[in-house]
Amino acid sequence: MNKLILKILVLSFSFSTVFCCLCLPLTPLQHYCAANTVVKARIQEEKTQDSVTEYDVQIVETIKSPKLLPSSLKLLTPSQHGLCGVDLDKNSTYILTAAYLEPNLHTSACDYHVNLDKATENEKKAALDPLKPGLNCNQPAAQPPNVPAGSG
């Protein structure tokens, strides 16, 4: 019986270590240019159900989007960090990248999120400077780095 319990514990530990989030390190500009959607948004409410955390967000500014966004919508992210979920602070304003898949935004830990209410001046500058005077994705610095096959 003890061997069975030990095997179950080892097996469950093995599975839990498989789930992790690996993200390519990108600059804010590279994140913005690679993203489907970039917004400045205020987090209103949070609700977690099953494996998804759902945030009600108010769109303060749409920086980039394939379609006109409503003034408020839902932002979905996995509820667990191991599945690349993101924790956002209620009543805080963020610059974030996401995928807009009507009717919701979807984001993960591999996307870019800056809490403007808590960011230092340097963090705000790093987040906002690529957006001035406008987002320019044609410059060489906007291209993500080349990653050799099998390196992730």
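Every residue, even glycine, has its Cβ placed from backbone N, Cα and C.
Between Cys84 and the candidates Cys20, Cys21, TrEMBL records the disulphide bond with Cys21.
Looking up Cys23 in TrEMBL gives a disulphide bond to a cysteine among Cys110, Cys137, identified as Cys110. Fewest Cβ neighbours within 10 Å among the disulfide-bonded residues Cys21, Cys23, Cys110: that distinction goes to Cys23.
Counted within 10 Å of its Cβ, the other Cβ atoms near Cys84 (disulfide bond) come to 18, all protein chains included. Helix, strand and coil content of the domain 'NTR' (20-137), in residues and according to DSSP, is 21 helix, 48 strand, 49 coil.
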